[in-house]
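A quick write-up on the structure given underneath.
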Amino acid sequence: MSDEFIDINNYIAIVYTYKTVGISKLYEHYVKDQELLLLKGLIKGEISVLQTCNRAETYLYTYNKEEFKDFLQKLDEIHGKQISKDAMILKGEDAVKHLFEVASGLDSLAIGEYEILRQLKESIEKSKKLGLSSEKLEFLFKNAIKVGRKIRQQTEISKGKTGIYALAVEYAKHVSNNNIGNVKIAIVGAGEIGNKLALMLKNEGAQNVTIFNRTYEKALEVANKYGFKAEPLDFYKINNYDIVFVAIYYDKKINLPNPKLVIDLSVPQIVLGNNVITLENLRSISDKIMETKILSLQKAEELIHIEIENFKNEIIKYNQNRLISKFMKRIEDIREAEINRAYAEILKHANDKEEIKNIIDKMTNSMLKKIFSPLFETVRKNEDMANYINNIFEILSNGNISNSKTEEAKEK
């Protein structure tokens, strides 16, 4: 199959999740942008990564499957650690199915979470911006996002509180006896997670919240957005809060013994102690929620099976459109070349009407031969192709076809 067409068997997923390597080790499998750029030169195809707090996945579209073994070896070398041995490798339809499950919130630490849809969109946009991916992976990711939305509309998989951060806030509410408005809360980190926690706490009625961050200006920006306070990073001060949310990277382990509850969403975990809840603990809460959504999970799996078949049909349409475009471009190239040649000849015989007619006749004959000779040669060797051409001939047997029908045929 030509490289411009999509072959579902060329999709590959290299998967590490909280299930396969554990949350505490997951960060070791995150691939940096610089590493991806080096890897791109080693494979003929496209690359995109999806890295969240509960997964590190690399998606490939490769034109040469033999290169994949070398790719894994180079991945280990460039990463500086043998991570390929921990990978779950999925190919073709299995890779597509997995991404559809991820997009639908089925393969998540928090079943039914919405956040993954935004993460998928940002992942493919980033890989395109870095020059790592193009149409093939974009086609897959866009379809996955579409499937994810459809599953949520047709099932109750996302009913109730979903998302790992929502679970964290719910746990904090439980510990505070649903009186979170009067609790002294610290959020350590003013990045994406810190922002989300601040918004959720604001919506739950929290009032006494302070944002701590290494860069004070960033903490102040988040605090001002939600009407909270801001402080530079200071664990001595943080230790005096009732509930603490932590979402930063820190190269040392610390203890915060005074708070009633510390929810550490950092990867890897940085806070130690009996008062600490981690992503791993939240996973057990998520598992209990999953038990209440068994019917939705089953329905979602059935829908995904249908959507995979729909995806295959979308690939057929994609390839048909590419084939038509390729065919029409070739015809246009021939047409332009013949017009230019005929025009040059006509200029030589501007006053000879019979000769001009002869030139036009030769031009059209030449065009027909160049367009259809390769096709007819294939027909002679292929009975199925001959039957196909015969069907086309029957459709056009009256000698013409309306413009509207032509457009309709092109769309199909």
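Keep in mind that glycine also has a Cβ here, set from the backbone N, Cα and C atoms.
Record features (Swiss-Prot):
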ACT_SITE  C53  active site, nucleophile
BINDING   T52, C53, N54, R55, S108, E113, Y114, E115, Q119  substrate binding site
BINDING   G189, A190, G191, E192, I193, G194  NADP(+) binding site
SITE      H98  site 'Important for activity'
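Annotated features, which come from Swiss-Prot, shown on the structure.
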| residue | record | Cβ contacts under 8 Å, 6 or more apart |
| --- | --- | --- |
| T52 | substrate binding site | E115, I116, Q119 |
| C53 | active site, nucleophile | I23, L26, L109, I164, I193, L265, V267, L279 |
| N54 | substrate binding site | T17, Y18, I23, L26, S108, L109, I164, L279 |
| Y114 | substrate binding site | G105, R152, S158, T162, G163 |
| G189 | NADP(+) binding site | F212, N213, F245, V246, A247, I248, S266 |
| E192 | NADP(+) binding site | none |
| G194 | NADP(+) binding site | I187, V188, I211, N213, V222, F245, A247 |
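Looking only at other Cβ atoms within 10 Å, the busiest spot among the binding-site residues A190, I193 turns out to be A190. Minimal Cβ crowding within 10 Å, among the recorded positions H98, Q119, is found at Q119. The Cβ neighbour count for G191 (NADP(+) binding site), using a 10 Å radius and every protein chain shown, is 13.
A straight line from the CA of G191 (NADP(+) binding site) to the CA of H98 (site 'Important for activity') spans 29 Å.
Of the recorded residues, A190 (NADP(+) binding site) and H98 (site 'Important for activity') place their C-alpha atoms 32 Å from one another. Listed in chain order, the extra residues whose Cβ falls within 8 Å of the Cβ center of the NADP(+) site residues G189, A190, G191, E192, I193, G194 are I187, N195, K196, L197, N213, V222, A247, I248.
The Cβ centroid of T52, C53, N54, R55, S108, E113, Y114, E115, Q119 marks the substrate site; residues of that chain outside this set whose Cβ lies within 8 Å of it are L109, A110, I116, G163, I164, given in sequence order. Taken over all pairs of the listed substrate-binding residues (T52, C53, N54, R55, S108, E113, Y114, E115, Q119), the Cα spread reaches a maximum of 15 Å, rounded to the nearest whole number.
Just so you know, the Cβ of S108 (substrate binding site) picks up 24 other Cβ atoms within 10 Å once every protein chain is counted. Secondary structure at Y114 (substrate binding site), taken from DSSP and collapsed to helix, strand or coil, is coil.
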